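Here's what Swiss-Prot has on this protein:
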TRANSIT   1-37  transit peptide
MOD_RES   K41  5-hydroxylysine
BINDING   C56, R58, K78  15,16-dihydrobiliverdin binding site
Amino acid sequence: MSAKIIAFSAVVATASAFAPTAGFVPRLRSGATSVNMAMDKSAKAPVITIFDHRGCSRAPKEYTGAKAGGKDDEMMVKAQSVKIEVSTGTAEGVLATSLAKMTK
């Protein structure tokens, strides 16, 4: 019986954690608060490269840090932020394709 009470209490606690507060009223944001919410126009995106040299005879030159002493020495994940360059023609083609699929 106590297990049922504990399970019920957990469900109630979870539901109340995700319920909005009674005094919450959505409002329009003023100009001062929306300034920091502007879209990032830097055109940068994360680029993730995975290097897996397990079983490869080529000496890895990408990583120059200390070795772990195991199979992880032959693997590496590189994450970087790169500015994405897209031509206007490519952008127009993607837009046209997207709009054509949205009307169907």
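Placement of Cβ uses the backbone N, Cα and C atoms for every residue, glycine included.
Keep in mind that this is a model prediction, so the values were computed, not measured.
The maximal spread of the 15,16-dihydrobiliverdin binding site, taken as the longest Cα to Cα distance among C56, R58, K78, is 19 Å. With the residue listed as '5-hydroxylysine' as the anchor, the candidate binding-site residues are C56, R58, K78, and the one with the nearest CA is K78. Reduced to three states, the DSSP call for K78 (15,16-dihydrobiliverdin binding site) is strand. When the recorded positions K41, K78 are compared by the number of other CB atoms within 10 angstroms of each CB, K41 has the fewest.
Listed in sequence order, there are no same-chain residues at least 6 apart in sequence whose CB falls under 8 Å from the CB of R58 (15,16-dihydrobiliverdin binding site). Every protein chain shown contributes to the tally, and the Cβ of C56 (15,16-dihydrobiliverdin binding site) ends up with 10 other Cβ atoms within 10 Å.
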